[in-house]
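Encoded as structure tokens, the structure appears first; notes follow it.
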Amino acid sequence: MDISDELVAEINELRRRRKAIILSHYYQRPEVQDIADFVGDSLQLSRTAAATEAEVIVFCGVHFMAETAAILSPYKTVVLPDLRAGCPMADMAEVESLRSKKAELGDPVVVSYVNTTADVKAESDICCTSANVVRVIESISPDRRILFVPDRNLGAYAARQTGRELVLWPGFCCVHDDILPEHILRAKRKHPEALVVVHPECRPDVIDLADKVASTSGMVQFVRDSSFREFIIGTEEGITHQMGKLCPGKKFYLPSRGMVCGSMKLITLTKVRDALKRLEPRITVPEHIRYRALQSLERMLAL
């Protein structure tokens with residue numbers, strides 16, 4: 001048994017003893033995805049965290065994801081293996097700035113992407129993910145003004161899909177916003193038989209070049225069900241691990257080399273083991289914030 005096998009065995013034993021569930025986002029390292037009980041997108045992970053009977057949730061993702069699990073499951077122990085695993089886009093929306101913008105607009109409906117902090121969710125009316133953003137926007141009365149926080153690209157996509165005019169917060173995902181049309185066009189020249197599949201956090205001019213726009217779970221389902229054998233994947237590179245496992249024989253190409261989320265890659269097997277041992281770093285949310293943030297999440301999950 002080599003060191004990695006010993007580490008996995010130790011994680012499995014600690015998971016059993018702690019009555020824990022390990023949740024992983026698609027953008028995690030391959031070896032972390034492989035030891036998880038569930039791998040999914042933000043919406044799937046939120047639903048799993050809310051429904052689990054496990055006593056401990058080890059969240060292999062970034063801080064806002066673990067925070068969301070703590071909001072939905074306040075009596076569970078939620079641990080994030082590395083506290084440095086933050087989300088730059090979530091940090092682009094600060095609660096005081098949001099309050100000021102709400103006052104400026106005069107009672108807008110605030111739709112916050114789950115890629116936000118708990119206090120921003122608490123100031124919001126409803127949350128959304130990339131998988132359900134269109135459904136969320138369509139659920140809002142057409143006579144209400146909508147402020148979309150924080151991803152300008154996802155908001156622009158939702159506006160185009162629904163025909164609604166949204167006030168967009170000027171945030172973005174560094175990985176997706178760095179994908180440019182020339183990257184897609186170059187990849188198409190190199191792989192002319194490949195379909196282009198991109199995430200709605202990409203720029204509008206990149207989305208215009210895509211054959212399919214979908215959330216991470218939607219991307220996985222699309223490539224699995226497609227009769228095509230080659231795909232250019234416009235999202236963080238970690239997703240290609242699950243695609244490769246589910247679709248042996250199909251080929252996946254990244255349009256540029258910079259499609260890596262450094263925060264997601266901070267989580268390692270050693271840190272997962274240590275988190276299970278110590279039940280730290282634990283993620284908690286003050287009750288007065290948790291209660292209000294929960295309302296926004298529950299409105300989303302009810303759709």
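Here the Cβ of each residue, glycine as well, is placed from N, Cα and C on the backbone.
Residues S42, Y113, V114, N115, S130, H199, P200, E201, T216 are given by Swiss-Prot as iminosuccinate binders; from H25, H183, H241, that same site also lists H25. H25 (iminosuccinate binding site) and C261 ([4Fe-4S] cluster binding site) are 12 Å apart (CA-CA, integer value).
Summary of the [4Fe-4S] cluster site environment: with the site residues C87, C173, C261 set aside, the chain residues having Cβ atoms within 8 Å of the Cβ mean position are Y27, V62, P88, M89, N115, C174, V175, H176, E236, S263, M264. Here the C-alpha separation of C173 ([4Fe-4S] cluster binding site) and H25 (iminosuccinate binding site) works out to 16 Å.
For H199 (iminosuccinate binding site), the count of additional Cβ atoms within 10 Å of its Cβ stands at 28 [all protein chains shown]. Geometry remark: N115 (iminosuccinate binding site) versus C87 ([4Fe-4S] cluster binding site), CA distance 7 Å.
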